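Q: Per TrEMBL, the feature domain 'Band 3 cytoplasmic' maps to 12-315. Per TrEMBL, the feature domain 'Bicarbonate transporter-like transmembrane' maps to 374-862. Under the heading transmembrane segment, TrEMBL lists 408-425, 432-451, 488-513, 621-638, 658-676, 706-725, 746-772, 806-825, 832-851.
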Amino acid sequence: MFLLKENDDTPALFTEMGELGLNEWRETARWVKFEEDVEQGGNRWSKPHVATLSLHSLFQLRSCLLNGLFMNDMTETDLPAIIETLIDEFVKEGDVEEDMRDELREILMRKHVHQYEQAKKNGPNGDKSGFLSTVRSISDIGKSFSHGRNLAKLDKEPIGPQLELPKKKFRGVKIFVQVESLPRDMNKDGSSADISKGNTHFLKKLPPGVEASNVLIGEVDFLQRHICAFVRLKTANVLGDLTEVPVPTRFIFLMLGPSGHGPQYKEIGRAIATLMADEIFHDVAYKARNKEDLLDGVDEFLDQVTVLPPGEWDPAIRIEPPNTIPSQEKRKQLGQEMLLEGIEMTKGMSGKGKEELDEEEGHFNDPALQRTGRLFGGLILDIKRKAPHYLSDFTDALNLQCLATTCFMYFALLAPIVTFGGLLEEATHQRMAAMENIFGGAICGVVYHLFSGQPLTIIGSTGPVLVFETIVYDFCLRLGIKYLSFRFWVHVWTAFIIFIMCITDASSLVSYITRFTEESFATLIAVIFIYEAILKLWKIRVQLEVINYSRDAMEGTCYCVPPTGKPLVTFEKAGEFIEKQGLSIAHNASYVDYTAAGLDNCRFIGGVFDGTTCYPLYDKLLMSILLSLGTFALAITFKRMRNSCYFPSRVRQIFSDFAVMIAIVIMTGVDMAMGINTPKLNVPSSFRPTWDGRGWLIPPFDGNPLWTVPLALLPALLACILIFMDQQITTVIVNRKENKLKKGCGYHLDLLVLAILIFIVGFLGLPIYVAATVLSINHINSLKVESECKAPGEVAHFVGVREQRVTGIITFVMIGMSVLITNFLGRIPMPVLYGVFLYMGISALGGIQLFDRILLLLMPMK
């Protein structure tokens, strides 16, 4: 197979098989990667399936190619000329008598009827396919308007009278009946069809630059033995209505024979069509110099086929296409011996694959992590690498998927920002809280995504930063110094150290981070997200609240009464309740005024409900659990809808892109409809510092002694280690080869931007923002792009990520403007956002090999 050593790429192929009917060639099967057959009745295509061939048909095909015509690089460019050349060669070889020339020409020049044309003819006439065509046409409403002028001509009554045959008597018999044929006015290329009438819907599934191969088989009366020809055109040309899509034809396989052997001819046609769809034979057909090369390709295919015993498998069963197709590179090797030699010659492989070796060695081959040996060397290279793509980082965001990602990341970021703000408020005694966290997020997020080297990385307030802030605050309390002023110098030292690391190419140390380190870190953060979502949801149990579920109940028809058959509330509990609610109590401690307690506090004091309209009562814990699980389930379902069988592809794509947003809206609506007082998102409504004792600008000392400046160096060193590891490990995960990023990265540039931001937030008294692993992984996942052109039956494959800056910029601008829409945000239940946390944590675990291997421990050995 020396032909396959050539490096020039060959176009993809679409193969169509037509069978000779009474007065026409009728399309009966097609291949892109998998086989599709016209179902019995001729109204629709079958599901794509793996082609199953008989071994005998493959041997017959080889015999046909061996004894038939092989016309390499034919120069003719139109169908009549090609047919005349074929007839001349048949006559020259003695396969066809001279007096048969006209009959053969008439047969080869008959019109070609394609399945999509037949479906359009049958639909309006009340055929069973009409309803299916109507249903499917819903997905093509837009296309019908845009192509209505061309397609309207196809919606006509069937040509000539139709002949109905009893199904029972002719079951299993293939009959092509056309009583009257449409007169044809031949174009100069031998076609009566306008190529604009092609199957435009199917054309979108074909890859760019695709070419066609046509397989024509049939039975005729004037031949005594079969004739066969394999033609490869020197230049591919559109041959009118020869194919159902207006793509240029490169190959033609023709086989005609005497009547009575139709099924045999069809199997040979299926065999050559399946070979043309094979990756290796496809290349051989393009590069074959003679008939021997073509036969070598058939022999190679025969060497690789698997034969199934007839008694153990039913050939009528169609095999579903696999989710992943194995690589055919091994078949391109010259032989097993050379393959083994290549493995032995690989330096230091020791029996391991090159990819495995790269993973174990880390990221030494990444040019962005090469040490330059000079100041600012790595930073300058990062700027040169990213500058040519800066404009496209904005233009590439003009896509609906980016809008969906922005909505998703807004809610994914807002919830933890507010939550971490509440934790910071508790840890620092209001020195920093939700308002400071929102303001810091708006500044850091916009600046980072405008100037960073990897804008796909999402920054946020992380758990380690919260722990660090808590430690620094406690340290200041013990020393009796002002926290915010001391924190300012900590940030100055931290920014300075990170700047030194940036200009000295310290980011090259990231090359020592292995896949195990990356995945251990990512798994830990993802598990923390899942754990926190469940923990925060369970904490709602301490706020159990009972409500009247009846909306129509009149006031006073449901009330609280003392319990019967149970001891009354204890004096301690009654005293706690009285102090909390300000209620009156009699001198006798055994009596409580239950009617004054109200429905919300009835359970607290041990009362029960009574009244004619008291309906079942629910607490908000159960409702919160349902909201969280519902949000998670809807987000997962809508995200996976892209590959489902329901709705048109565009609708599925929109549902998949806006999965989280739709889930939040639906479950928020459910919460509002139920009327249960679940915890709501609490966003500050005014732009002012939470603590009255501080402003937006932090004084460097504010009464602190000068010795606090060098003292701040110690916590700054710890902060540098924390920030460097958090930032760079997350960036390495984002820049993985699996994500197929094309615009490069900038580890040193990221550190420079981060150093500037650390100084700014220190001066303003705002929290530190660093790369957030789970948010970054979900950002990448929501921007992944799959192949638009996929063959029928082929699973869409991942082609890359939309690399741009706009989603991050707009998301953090919206974060800063959240204080203006508190009325809207205040209606979103926190359990819904906990469901989003759960979704992000579980989706971040997808594709992590470490987690997959952990799951293997739960599987039996067999």
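Any Cβ shown, glycine's included, is placed from N, Cα and C.
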Q: Other than its close neighbours in sequence, what residues sit by the transmembrane segment (658-676), given a CB gap under 8 Å and a spacing of at least six beyond its ends?
A: 404, 407-408, 411-412, 547, 551, 618, 620, 623, 627, 630-632, 634-639, 641, 827-829, 832-833, 835-836, 839
Q: Is the number of Cβ-Cβ pairs under 8 Å between the transmembrane segment (832-851) and the transmembrane segment (621-638) three or more, considering only pairs separated by 6 or more positions?
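A: Between the transmembrane segment (621-638) and the transmembrane segment (832-851), which are separate recorded stretches, there is contact, as judged by 3 or more close Cβ pairs.
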Q: Among 408-425, 706-725, 746-772, which stretch has the most Cβ pairs under 8 Å to the transmembrane segment (432-451)?
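A: The listed stretch sharing the most Cβ pairs with the transmembrane segment (432-451) is 746-772.
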Q: Taking pairs 6 or more apart in sequence, does the count of Cβ pairs under 8 Å between the transmembrane segment (488-513) and the transmembrane segment (806-825) hit 3 or more?
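A: These two stretches do not touch.
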Q: On the 0 to 100 pLDDT scale, where does the domain 'Band 3 cytoplasmic' (12-315) sit on average?
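A: Its mean pLDDT is 77.
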Q: Six or more residues beyond either end and a Cβ under 8 Å away: which residues meet both conditions relative to the transmembrane segment (806-825)?
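A: For the transmembrane segment (806-825), the sequence-distant neighbours (Cβ-Cβ under 8 Å, at least 6 residues beyond its ends) are 393-394, 397, 402, 405-406, 409-410, 413-414, 417, 435, 438-439, 441-446, 448-450, 455-456, 458, 681, 683-687, 779, 783.
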Q: Residues sitting near the transmembrane segment (408-425): Cβ under 8 Å, six or more positions beyond its termini, same chain?
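A: Long-range Cβ neighbours of the transmembrane segment (408-425): 432-438, 441, 458, 460-461, 466, 469, 536, 658-661, 664, 681-683, 690, 767, 775, 778-779, 782, 807-808, 811-812, 814-815, 818, 825, 828, 830, 833, 836-837, 840.
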